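For reference, TrEMBL has these:
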- C78: active site, nucleophile (ACT_SITE)
- H202: active site, charge relay system (ACT_SITE)
- E204: active site, charge relay system (ACT_SITE)
- G46, E47, S48, R108, I142, R143: L-glutamine binding site (BINDING)
Amino acid sequence: MVVGVLALQGSFNEHIAVLKRLGVKNVQIRKPEQLQNVTSLIIPGGESTTMAKLAEYHNLFPALREFVKMGKPVWGTCAGLIFLANKATGQKNGGQELTGGLDCTVHRNFFGSQIQSFETELPIPEIAAKEGGPPSCRAVFIRAPAIIEVGPDVKVLADIPVSSAVTANSSPAIQSEEELTKSEKKVIVAVKQGNLLATAFHPELTADTRWHSYFLKMEPETEDGTSAIASTSSVDLTFTGRAMIDLPIFQ
Ligand code: GLN
């Protein structure tokens, strides 16, 4: 297993640090041909417009789309989630290119601007059931997107009440009580659809490695939706608790 990490901009080094701690081989991806040598891919957080411009400059989009289509596991965190979404709102003028594949609509800056970034304890029933450990994880949202619509094949792994985070920050994304009711006062912040995993927050910035090990256990999907060979047999990904000490929580 060799995990590629898109290394154009953003928090790719932080993902690589976690992979190293887990003893997983990794390659920084900056050119399309490098994707041929990896079994899965992480698209990190950062600034999705800048990242998309760099990806375009390096002619990466066709290879990224092909990689997604081949059914290889891909995980997008934050800006990476925006990359994977079939549809994004709140983009800069002129929009930006997306890799697509994930049947959802994402709002690019749902939680507001940079200073409205926040951290929260996020319930993660599916991850805790599969990986063990506590029923929630510390989740860091940095000028974070949120998923406002999902297709039928998308499995929701985590959602968050918007009243506490968004209305307190008076985000421009939520303008009326009616809109809040429509979204049942919750927005989706983590999903899985076949070979695709996406999180609106940054697991690579905390000591909890369960999102990484969950991703590393994901198997490639074949055309008919069944999974192909398991790829993690040589890596021990058992959750060993919070081995590293986290920084204090910023409220
Ligand atoms: N909202 C940001 C964007 O549009 C993403 C923020 C992040 O990746 N931390 O790119």
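Note: Cβ is positioned from N, Cα and C throughout, glycine not excepted.
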- Could you tell me the C-alpha distance between C78 (active site, nucleophile) and H202 (active site, charge relay system) in angstrom, no decimals? 7
- Residues close to L-glutamine site centre defined by G46, E47, S48, R108, I142, R143, Cβ within 8 Å: G10, G45, C78, A79, I82, N109, A144, P145
- Item | Distance, E204 (active site, charge relay system) to E47 (L-glutamine binding site) (CA atoms, angstrom) | 16
- Please work out which residue of E47, E204 has the most C-beta neighbours within 10 angstroms of its C-beta, and give that one of the recorded positions. E204
- Task: Between G46 (L-glutamine binding site) and H202 (active site, charge relay system), find the distance joining the two CA atoms and give it rounded to the nearest Å.
- Result: 10
- R143 (L-glutamine binding site) to H202 (active site, charge relay system) - Cα separation in whole Å: 11
- Of all the binding-site residues given, namely S48, R108, I142, which is spatially nearest to E204 (active site, charge relay system) at the Cα level? I142
- Query: What's the CA to CA span in angstrom from H202 (active site, charge relay system) over to I142 (L-glutamine binding site)?
  - Reply: 8
- Message: If you count CB neighbours within 10 Å, which one among the recorded positions R108, H202 has the smallest count?
- Response: R108
- Query: Per DSSP, to which secondary structure element type does R143 (L-glutamine binding site) belong, with helix, strand and coil as the options?
  - Reply: coil
- Note on the structure: Should one count Cβ atoms within 10 Å of each candidate's Cβ, the recorded positions C78, I142 would be headed by C78
